[in-house]
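Sequence annotations record features per position, and here TrEMBL assigns domain 'G-protein coupled receptors family 1 profile' to 45-293. According to TrEMBL, the feature transmembrane segment maps to 29-53, 65-87, 107-125, 145-163, 208-231, 243-265, 277-295.
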Amino acid sequence: MGNTENTSLDTVVTDFILLGLPHPQNLRILLFLVFFIIYILTQLGNLLILLTVWADSKLHARPMYILLGVLSFLDMWLSSVIVPRIILNFTPCSKAIPFGGCVAQLYAFHFLGSTQCFLYTLMAYDRYLAICRPLRYPLLMNGKLCTILVAGAWVAGSIHGSIQATLTFRLPYCGPNQVDYFFCDIPAVLRLACADTTVNELVTFVDIGVVAASCFMLILLSYANIVHAILKIRTADGRRRAFSTCGSHLTVVTVYYVPCIFIYLRPGSKGPLDGAVAVFYTVVTPLLNPLIYTLRNQEVKSALKRITGGRGAASENK
């Protein structure tokens, strides 16, 4: 347990013990395999989208697919920050994480998570311009502006992650070091602080609330205008294609924001259900994104066919 024997203020915690997900011991091997397979599929699925966007000239020149490529990159890193630690908890290896490692994990998670929030908002804005302002779309959203907006999302996410990590770890940690969670996150770590955490909890609630609520409201506003514009499309095929493109994005936004709101913006004490909900948006959502955007997006499927077809033709010519 390291430094948990003495709970006086003179004791300084140098590491934390991540207790992980509660599970029956007889299911340890099965859960290890499940999360290992999920991690591999997540990396491969998102890598496939990245390579498809990069390799297909019709996709990587369009802002929508530039944003999709960035989303896949974020999903790969977010999964890598969380899932290997979950897998480790199903092995006999030590469950300890150094104090600095806990700081880095909390920062990386909130940096990547908030950047993803901003990115979803940019994707909604891009769809709004493409459907509601089609004639001006090339001027209002081009490759250069898209790159600037994405860079701004990364910077804003980094600032958000830095604020959360600094606020959380400025407090003294001198007592128990067992984190009743599967990764270092704010609510679980704050419970171990040897000081009053009221200000931290308030700032966390306001900070995450402002980021999540403002992004979510902008997304809803964009899609309200999009739906209104789609209903004016005369052809059934045009409406179907527009709804298909936007439906995939709305699906991703829903499965991302609802669990986040449940974890961070829910009043009252945190319960054991938080772990299961957190698994959904830290583990399952990065896995689903490639499936949703590949299966529901005709242009991505067509690009995959062009790439595989082109390679097949090239091999036949040889």
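Each Cβ is built from the backbone N, Cα and C atoms, and glycine gets one as well.
Since this is a predicted model, take the numbers as computed values, not measurements.
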Taking the transmembrane segment (145-163) as the reference, which of 29-53, 65-87, 208-231, 243-265 gives the largest number of Cβ pairs under 8 angstroms?
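Per the Cβ under 8 Å count, 65-87.
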Six or more residues beyond either end and a Cβ under 8 Å away: which residues meet both conditions relative to the transmembrane segment (243-265)?
113, 116-117, 120, 123-124, 127, 131, 186-187, 204-205, 208-209, 212, 216, 219, 223, 226, 230, 274, 277-278, 280-281, 284-285, 288-289, 292-293, 296-298
